[in-house]
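Trainee: One structure, as structure tokens, below. Some questions next.
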Amino acid sequence: MRVSINKSSVKGEVFAPPSKSYTHRAITLAALSEEAVIHRPLLSADTLATIRASEMFGASVKQEEENLIIRGFNGKPTVPDNVIDAANSGTTLRLMTAIAGLTDGITVLTGDSSLRTRPNGPLLEVLNRLGAKACSTRGNERAPIVVKGGLEGKEVSIDGSISSQFISALLIACPLAENNTTVSIIGKLKSRPYVDVTIEMLELAGVKIHTDENKGMKFIIPGKQKYNLKEYTIPGDFSSASYLLAAAAMTEGSEVTVKNLFPSKQGDKLIIETLKQMGADITWDREAGIVTVRGGRKLKAITFDAGATPDLVPTITVLAAVAEGTSRIENAEHVRYKETDRLRALAIELPKMGVKLKEEKDSLTITGGQLKGAAVHGWDDHRIVMALSLAGMVAGNTTIDTTESVSISYPDFFKDMRNLGAKIGEISEE
Ligand SMILES: O=C(O)C1=C[C@@H](OP(=O)(O)O)[C@@H](O)[C@H](O)C1
Ligand SMILES: C=C(OP(=O)(O)O)C(=O)O
């Protein structure tokens with residue numbers, strides 16, 4: 001689907017959609033438990049992939065109004081009777097690959113053409129060292145992946161620089177192994193807040209993980225544990241909210257109030273501090289969970305370390321494109337391992353709108369200026385599409401293709417933006 005976007009301002013109130021990361025974990029942990037109710041889950045293409053995978057391991061998932069009722073397989077996944085298709089979702093693929101290590105048989109996992117380009121080497125290697133057998137059918141660390149169960153606990157180390165999802169996956173599967181497991185992180189751990197979200201959810205499910213005092217780079221996971229998640233309400237998603245907040249900050253005459261944004265372990269709450277740092281008029285009432293942004297202020301350039309918050313990079317890059325001065329987004333190599341190589345996608349699309357941008361291995365340098373309308377490509381990547389939409393609202397006269405990809409994390413993105421007054425039309429394709 002292609003959309004046309006004209007110069008817009010945005011005004012009004014909107015609820016932040018439920019968190020994708022918390023929804024994936026709540027479904028997975030409920031599936032590993034006996035029975036749990038999840039209130040207000042995100043139902044998007046990615047979380048539906050996690051529901052389908054959980055069902056294939058033996059869970060039953062029922063939707064009742066705004067809730068999911070999940071009858072789990074109580075720590076013992078059955079051997080799936082078909083290939084697990086994680087579709088476009090890295091989180092689903094990585095979490096389910098580790099859970100496949102707990103079955104008595106063989107599981108095959110795959111995904112769409114984007115997911116089949118994403119690396120899984122460190123996770124496969126560690127699963128093998130832990131007693132399971134895990135390999136890529138093409139021998140290139142990419143899906144399709146085949147896993148033979150047999151996960152036992154042991155001391156292992158893993159590279160943390162590619163994806164935190166490998167560590168989250170081990171933290172979720174290893175408590176069900178026979179023996180204790182120790183996972184030490186080698187090098188830097190990127191996207192650390194997502195591991196903290198995993199540990200928070202594990203605690204709620206009654207599962208114990210000990211983190212060493214020294215920089216939290218070693219996790220001790222007692223074996224033979226039991227999952228006991230009962231009930232959980234999904235909080236609002238700061239990554240999805242970043243587009244709403246940035247849209248208001250970038251456009252004159254805007255005033256947007258985003259609800260359901262309470263303090264959270266989500267690293268992407270950093271969008272609020274970053275907008276403040278850039279000079280936006282933004283307030284956060286933490287108790288009420290309400291963030292208000294008024295547009296119209298000239299934004300200033302920043303230096304942004306993307307190590308902990310890769311999903312904010314498209315939003316911050318577009319903010320930098322309208323800010324005064326030259327911004328740098330650093331420590332961002334892992335942003336290349338997402339649905340697309342997002343540094344590359346931004347470096348190709350934004351110059352079409354007149355943005356001066358330099359791409360290096362792990363950084364982007366962006367000089368802010370006047371945006372001009374253009375026909376840009378969304379790369380079938382939800383975050384690229386949503387970020388380019390904001391640029392379109394400033395530039396006007398812009399079209400974006402592959403916009404159906406917003407269904408991955410924020411299915412109501414265009415609806416919410418239109419309700420706030422954004423001038424977004426659909427272009428029918430021949
Ligand atoms: O665990 C999670 O929920 C996620 C972890 C991050 O990935 P990496 O750890 O691969 O950076 C993030 O980019 C992704 O959108 C969601
Ligand atoms: C990278 C993302 O998700 P995943 O890794 O689950 O595909 C994302 O939502 O931007």
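Note that Cβ sites are derived from N, Cα and C of the backbone, with glycine treated the same way.
Pulled these from TrEMBL:
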type	residues	note
DOMAIN	8-417	domain 'Enolpyruvate transferase'
BINDING	LYS20, GLY90, ARG118, GLN165, ARG342, ARG383	phosphoenolpyruvate binding site
BINDING	LYS20, SER21, ARG25, SER163, SER164, GLN165, SER191, ASP311, LYS338	3-phosphoshikimate binding site
ACT_SITE	ASP311	active site, proton acceptor
Trainee: Can you figure out which of LYS20, GLY90, ARG118, ASP311, ARG383 (the recorded positions) comes closest in space to SER191 (3-phosphoshikimate binding site), comparing Cα atoms?
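Mentor: Considering only the listed recorded positions, the nearest one is ASP311.
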Trainee: Taking only C-alpha atoms and a 10 A limit, tell me which of ARG25, SER164, ASP311, LYS338 are near ARG118 (phosphoenolpyruvate binding site). These are the recorded positions.
Mentor: LYS338
Trainee: Around ligand 2, within a Cβ distance of under 6 Å, which of the recorded positions ARG25, GLY90, ASP311 show up?
Mentor: GLY90, ASP311
Trainee: Out of the recorded positions LYS20, ASP311, ARG342, ARG383, give me the one sitting nearest to SER164 (3-phosphoshikimate binding site) by CA distance.
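Mentor: Among LYS20, ASP311, ARG342, ARG383, ASP311.
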Trainee: What is the maximum Cα to Cα distance, in Å and rounded to a whole number, among the residues LYS20, GLY90, ARG118, GLN165, ARG342, ARG383 annotated as binding phosphoenolpyruvate?
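Mentor: 19 Å is the greatest Cα spacing among the residues binding phosphoenolpyruvate.
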Trainee: Which chain-mates of ARG25 (3-phosphoshikimate binding site) that are at least 6 residues away have a CB under 8 A from its CB, listed by sequence?
Mentor: SER168, ILE172, VAL197, THR198, MET201
Trainee: Let's check the environment of LYS20 (phosphoenolpyruvate binding site): how many other CB atoms sit within 10 Å of its CB?
Mentor: 25
Trainee: Can you tell me which of ARG118, SER191, ASP311, ARG342, our recorded positions, come within under 6 Å of ligand 1 at the Cβ?
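Mentor: The recorded positions passing the 6 Å Cβ test are SER191, ASP311.
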Trainee: Enter the number of other CB atoms within 10 angstroms of the CB of SER164 (3-phosphoshikimate binding site).
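Mentor: Taking every protein chain into account, the count is 25.
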Trainee: Select one residue from ARG118, LYS338, ARG342, ARG383: among these binding-site residues, choose the one with the most other Cβ atoms within 10 Å of its Cβ.
Mentor: ARG383
Trainee: Could you state the CA-to-CA distance between GLY90 (phosphoenolpyruvate binding site) and the residue listed as 'active site, proton acceptor' to the nearest Å?
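Mentor: Computed Cα spacing between GLY90 (phosphoenolpyruvate binding site) and the residue listed as 'active site, proton acceptor' is 13 Å.
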Trainee: Quick one: Cα separation, GLN165 (phosphoenolpyruvate binding site) versus the residue listed as 'active site, proton acceptor', in Å?
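Mentor: Rounded to a whole number, the Cα-Cα distance is 13 Å.
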Trainee: Compute the average pLDDT of the predicted model within the domain 'Enolpyruvate transferase' (8-417).
Mentor: 98
Trainee: Measuring Cα to Cα, how far is LYS338 (3-phosphoshikimate binding site) from ASP311 (active site, proton acceptor) in Å?
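Mentor: A Cα-Cα distance of 9 Å.
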